[in-house]
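The structure appears right after this line, and notes come after that.
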Ligand SMILES: C=CC1=C(C)c2cc3[nH]c(cc4nc(cc5[nH]c(cc1n2)c(C)c5CCC(=O)O)C(CCC(=O)O)=C4C)c(C)c3C=C
Ligand SMILES: [Fe+2]
């Protein structure tokens, strides 16, 4: 039995892990009791064991922040997120330091049977890797993650709109997968958008994340071909002295007003209910919809703005994320407050004002992005920005109304460009013995 010790703080998203007792086998992966190195026939792994809270675990898991208490670096690798559960991992799991997004199109000739076999293979591999075991299928393990623990690895699978006709499952396609409306600020590259299948990989270790990416890509074999792939990152756990919401590449604290898993209506906002409402196919019970946007930041322009102007664009202070009307990061903004000049303190086009649920008939989403940096262009500008990923029970009541509003008058628009887009139906989590998507593919 694993000697893992897990302590849950009551605050949303707080997860704490303390070292295993002295004399225990510290190389043991929490969910199996067998380490990756042992299975590969090498020596044990240094460090303590720990078990991160998975989505099935319930309350904790505040996505956009990394709000746990300062963590000794030696515990980072030992955290494991369960693969099986009501919801797939990687949705309300705390933000990861490293992420890979990869979309596939089914190969010509691949139909429902081949897709089902692929999801079965992928699920087996995801379960093993998330438990710190070697990759099972597709030949020998590459060894890339040999010395590492699971490092909170999560793998999340989704289906794009085009998957359903290609597999003869058109009648099972949720209406929520209808194409997103065009937005005036779109500069979308179709080659980096959409896809039949989508996989999100997250980990707190870059090698563990890459190892999973490679294993899953190889397992696609002749069934599916890569359509696009993107890499992202966030702050590493333990890098800041105190728990703090993550910053994006504009330097803003980003994620403050995300719905918290501890809030009573969190599940209603983010997950499809069980059973789903009329019109939503039964296989989406416990699932969610991911909107993925590659948003380039025009950093040269942004960085020319004074700090004061940058803060007016968002409506929050850059230093601590507090609303411009005062208080701390968690203080509610006073949207009616005017300054001595008679102007609104939080301008009418401030991003945080017009994206708020109160300004959008309650539209809510869970933002769980990664930053990206894909090098510096010939013109000297960084190809950097946000892999914006938001989760909701219904994109027509989450992303779409908010993006429509932002499209019409967001002060941030002058500093960003939406370059790629995807919308994916992410089924509920797999029960023990099941693979992800089984309820669709064997319906
Ligand atoms: C359509 C949805 C949204 C897109 C696209 C989007 C892009 C985007 N946002 C930031 C930076 C910040 N966003 C903040 C808040 C915020 N943003 C959205 C939605 C989208 N953002 C929402 C729903 C909210 C919460 C509003 C609220 O409830 O009050 C903030 C403030 C801090 C926070 O609450 O997170 C920042 C900063 C960037 C840089 C960006 C594109 C690159
Ligand atoms: Fe935003």
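Each Cβ is built from the backbone N, Cα and C atoms, and glycine gets one as well.
Curation plays no part in TrEMBL annotations; they are all automatic predictions.
Over in TrEMBL, the protein carries these features:
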COMPBIAS  1-21  compositional bias 'Basic and acidic residues'
DOMAIN    88-234  domain 'Dyp-type peroxidase N-terminal'
DOMAIN    245-430  domain 'Dyp-type peroxidase C-terminal'
REGION    1-36  region 'Disordered'
REGION    318-340  region 'Disordered'
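For the region 'Disordered' (318-340), the residues of the chain that approach it from at least six positions outside its boundaries are 245, 251-253, 256, 307, 310-312, 346, 350, 352-353, 358, judged by C-beta separation under 8 angstroms.
Note: the region 'Disordered' (318-340) comprises 0 helix, 2 strand, 21 coil (DSSP; helix = H, G, I, strand = E, B). As a summary of secondary structure, the domain 'Dyp-type peroxidase N-terminal' (88-234) carries 49 helix, 34 strand, 64 coil according to DSSP.
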